[in-house]
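Heads up, the thing below is written out as structure tokens.
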Amino acid sequence: MNIQVLPDNKVSSVAPLKPYDNVEKREVELILVKDHNGVQYTSSSIIPSPSSHACPPASIEDEERETWGKKMDFLLSVIGFAVDLANVWRFPYLCYKNGGGAFLIPYILFLVIAGMPLFYMELALGQYNREGAATVWKICPVFKGVGYTVIIIALYVGFYYNVIIAWSLYYLFSSFTSELPWLKCGNSWNSLNCTDPKLLNGSFLGNGTTYSKYKFTPAAEFYERGVLHLHESKGIQDLGQPRWQLSLCLVAVVFILYFSLWKGVKSSGKVVYITATMPYVVLFVLLIRGITLPGAMDGIRAYLHIDFKQLNNPTVWIDAATQIFYSLGAGFGVLIAFASYNKFDNNCYRDALLTSTINCVTSFFSGFAIFSVLGYMASKHGVKIEDVATEGSTFWAIVFFIMLLTLGIDSSMGGMEAVITGLTDDFKILKRNRKLFTFATAFGTFLVALFCITNGGIYVLTLLDTYAAGTSILFGVLVEAIGVSWFYGVDRFSEDIERMMGFKPGLYWRLCWKFVSPAFLLFVVIASIVTSTGMRYDDYIFPRWSNVVGWGIAMSSMLFVPFYAIYKFISVPGTFKERIAYCITPEHEHHLVAEGNVRQFKLKHWLAI
């Protein structure tokens with residue numbers, strides 16, 4: 001552009017005088033920004049017509065926005081975030097519980113009609129707008145509250161997810177001994193009822209207690225009495241002091257996270273080369289070792305058994321729907337944040353298909369490694385597979401604590417990056433001081449996490465895990481899908497994608513975004529509410545007030561959606577119709593509202609496929 005100095009100390013930015021040949025007709029946007037101390041700033045930009053394949057006008061900030069060092073940095077970051085405990089731990093259990101191979105039918109169905117479309121939508125949304133979860137809603141300002149909702153949820157998850165990683169570190173350090181401390185009784189943390197595993201045989205050990213739920217094995221007591229010190233707490237009302245051993249582990253976790261994120265994706269993109277690939281190495285080693293153990297094939301056959309009758313059970317479909325949603329990780333603002341650092345013309349369609357497929361294949365593959373070990377455990381202790389293939393099995397947890405360290409680090413990095421990117425894009429003072437803000441965020445999560453490493457900390461962790469990212473995250477993604485598909489418009493969103501990659505999404509994707517994905521999310525939201533019960537941890541039933549506190553935590557994030565919508569509506573001048581138009585229209589068209597040209601807004605985008 002040519003910068004001309006005008007009389008009276010006024011500066012104007014105008015388009016070049018040299019004419020262009022063969023250039024499509026485009027709208028020209030001229031906006032008065034401010035008039036301060038005699039200096040008038042105006043900004044002009046050329047807006048491509050909907051049929052244009054050109055890139056949208058990039059601001060100076062966009063031109064300076066950092067990008068991933070390599071394409072592989074981005075792919076590994078997405079895979080590392082998405083592949084976590086939900087894939088490696090929970091999926092094989094759900095598959096076994098819900099009909100084995102038959103469970104793959106609803107699982108793959110929900111992957112195709114909802115999981116992949118939502119995954120693709122978030123990657124495209126972040127890449128096109130090059131903004132975090134909050135400011136990306138310049139496409140439809142009234143929905144900016146949902147951006148704050150997912151940022152707050154990602155922050156809440158960091159409060160307790162880092163504690164799980166700290167447990168992994170504690171187990172790792174405890175294993176550097178000549179004899180593992182959870183193999184025998186006689187340690188300082190063991191109770192008088194501790195029983196040597198060699199003396200246990202059979203599925204039931206009195207009073208109908210299954211082997212996997214027996215609380216007096218050395219491994220169970222090491223976890224509950226040696227790590228958690230749960231026996232020193234009477235409940236959530238009796239937390240006690242943070243344990244210094246876990247506090248040190250938590251400090252180490254926060255230290256790793258900070259130095260992985262403080263320089264942005266340039267630093268985090270290198271860390272994932274270790275954290276995202278290590279779980280696959282461990283799984284492969286476990287599989288090779290597992291299939292050589294006696295009883296391994298019994299475990300694998302139990303994992304792959306097919307029971308189509310289970311498909312008549314609504315719980316199976318609910319489990320498949322929730323598993324797809326949580327394992328892919330849509331809705332936490334992480335995919336939007338990661339994609340915002342991509343190059344504008346990156347093929348995010350291919351990335352969405354590749355990473356979501358790897359995510360689900362990992363879930364299925366992990367089942368072979370897990371059930372080969374479970375088959376061996378069942379054979380060794382003379383019990384049935386179902387007695388060890390339990391979600392709360394202490395043995396199950398021990399097998400994965402070391403691998404959980406790498407699984408957890410990159411997932412936690414993704415959640416914290418969503419918070420940092422979302423807020424620094426919205427508040428420029430934070431962006432200018434990213435290192436300091438990253439430290440403040442990491443330190444803040446450390447302080448809250450201290451409540452989770454007290455004697456009764458497992459009760460706090462259970463409360464956060466149940467309410468912080470339960471119904472609230474489902475609600476957030478539902479509103480996000482509605483905002484993109486029905487208010488911003490599928491047509492307009494498809495045109496954005498065409499500008500990036502040169503082709504529009506097919507009818508299938510547009511139908512999923514418009515109808516199928518919102519319907520899927522609504523189904524999951526209703527199912528989560530209907531099937532919810534009062535909290536409990538093993539035999540401990542939480543007091544009623546703790547459930548009230550939990551719902552308060554959930555509402556604290558969800559209320560950003562209506563509150564911000566109301567604030568946005570009352571903060572702009574004009575008639576009722578003009579205010580509505582201003583709130584639902586992309587920011588680059590707001591000057592039309594100021595001119596009173598409300599009819600120029602293409603509200604037909606609400607209903608267009």
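Here the Cβ of each residue, glycine as well, is placed from N, Cα and C on the backbone.
Record features (TrEMBL):
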- G80, A82, V83, N87, S327, N359, L407, D410, S411: Na(+) binding site (BINDING)
- C185-C194: disulfide bond (DISULFID)
- 74-92: transmembrane segment (TRANSMEM)
- 104-125: transmembrane segment (TRANSMEM)
- 146-173: transmembrane segment (TRANSMEM)
- 244-262: transmembrane segment (TRANSMEM)
- 271-291: transmembrane segment (TRANSMEM)
- 324-341: transmembrane segment (TRANSMEM)
- 353-374: transmembrane segment (TRANSMEM)
- 394-415: transmembrane segment (TRANSMEM)
- 436-461: transmembrane segment (TRANSMEM)
- 467-490: transmembrane segment (TRANSMEM)
- 511-530: transmembrane segment (TRANSMEM)
- 550-570: transmembrane segment (TRANSMEM)
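Recorded features from TrEMBL, shown on the structure.
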residue	record	Cβ contacts under 8 Å, 6 or more apart
G80	Na(+) binding site	V272, T275, A276, D410, S411, M413, G414
V83	Na(+) binding site	A276, P279, I358, N359, T362, L407
C185	disulfide bond	C194, T195, D196, P218, E221
S327	Na(+) binding site	A82, D84, A86, N87, R90, F91, N359, C360, S363
Around the recorded Na(+) site, report the further residues of that chain (criterion: Cβ within 8 Å of the mean position of the Cβ atoms of G80, A82, V83, N87, S327, N359, L407, D410, S411; site residues excluded), sequence-ordered. I79, F81, D84, A86, A276, P279, G329, T362
Which of these recorded positions has the least crowded Cβ, counting other Cβ atoms within 10 Å: C194, L407? C194
For the transmembrane segment (467-490), what are the same-chain contacts with Cβ under 8 Å, counting residues 6+ beyond its ends? 118, 121, 125, 137, 139-140, 142-143, 146, 149-150, 153, 156-157, 159-160, 325, 330-332, 510, 513-514, 517-518, 521-522, 524-525, 528-529, 532, 550-551, 553-555, 557-558, 561, 584, 586, 602, 605-609
If you draw a 10 Å sphere around the Cβ of S411 (Na(+) binding site), how many other Cβ atoms fall inside it, taking every protein chain shown into account? 27
Can you tell me which recorded stretch out of 74-92, 104-125, 244-262, 271-291, 324-341 has the most Cβ pairs within less than 8 Å of the transmembrane segment (353-374)? 74-92
With the transmembrane segment (511-530) as the reference, which stretch in 74-92, 104-125, 146-173 has the largest tally of C-beta pairs below 8 Å? 104-125
Counting only residues 6 or more past its boundaries, what in the same chain has a CB within less than 8 Å of a CB in the transmembrane segment (104-125)? 95, 136, 139, 311, 316-317, 320-321, 323-325, 328, 330-331, 335-336, 338-339, 348-349, 351-353, 355-356, 360, 364, 477, 481, 484, 493, 496-497, 500, 505, 509, 512-513, 516-517, 520-521
For the transmembrane segment (244-262) and the transmembrane segment (436-461), check the count of CB pairs under 8 Å (sequence separation 6 or more) and say whether it reaches 3 or more. yes
